[in-house]
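Let me begin by presenting the structure, written as structure tokens, before commenting on it.
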Amino acid sequence: MKERAAFSHMTEDGAVTMVDVGHKNPTQRTAIVRAVVEVSAATLDLLKHRALPKGDVLTTAKIAGIMAAKRTAELIPMCHPLAISYADVRFEVRDTPPSIALEAEVRTTGQTGVEMEALIAAQTAAATIYDMCKAVQKDIVIRDCRLVFKSGGKSGTFRAE
């Protein structure tokens, strides 16, 4: 059997493979991802007053993000299905510049991390905001989606600066 390359999901000859985590001891793991959805002041006003045609944007985006976290292994080919113990998406509505900052947090006790679940939760929540606001604004921007915190596992704790 060939040794693994530097990328954990690739064999020496370049074939993709799912990492075997069966030998790892379960540990408590957390990942937090942040993103920003930039909208116009007019769109933000409609969002704050729950006056957009599709309804309550932030509640819908929260539910969509949590649902997406639970289905990450169905979307990312080499991602392990996990028993998620906690998932949440939080929002901060900002007037200047007009935007919605969001933070997705996912936790588990398991043999692999939840970074992908948090990324998919944040991206899906952001895309849901876009979907629910696109009737009134087409040039919405989703930006700065990134891992800001991760704990647990062999690599330990990571905090973005």
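Glycine is treated like the rest: Cβ placed from N, Cα and C.
Listed features, source Swiss-Prot:
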- Asp131: active site (ACT_SITE)
- Met78, Cys79, His80, Met116, Glu117: substrate binding site (BINDING)
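One way to see the shell of the substrate site is to take the Cβ centroid of Met78, Cys79, His80, Met116, Glu117; the remaining same-chain residues with a Cβ within 8 Å of it are Thr72, Ala73, Ile76, Pro81, Leu82, Thr112. By a simple count of nearby Cβ atoms, those within 10 Å, the most crowded of the binding-site residues Met78, Cys79, Met116 is Met116. You'll find the Cα of Glu117 (substrate binding site) roughly 21 Å from the Cα of the residue listed as 'active site'. Local packing around the recorded positions Glu117, Asp131 was summarised as the count of other Cβ atoms within 10 Å of each Cβ; on this measure the leading residue is Glu117. For His80 (substrate binding site), the Cβ neighbour count at a 10 Å cut-off comes to 16, with all displayed protein chains included.
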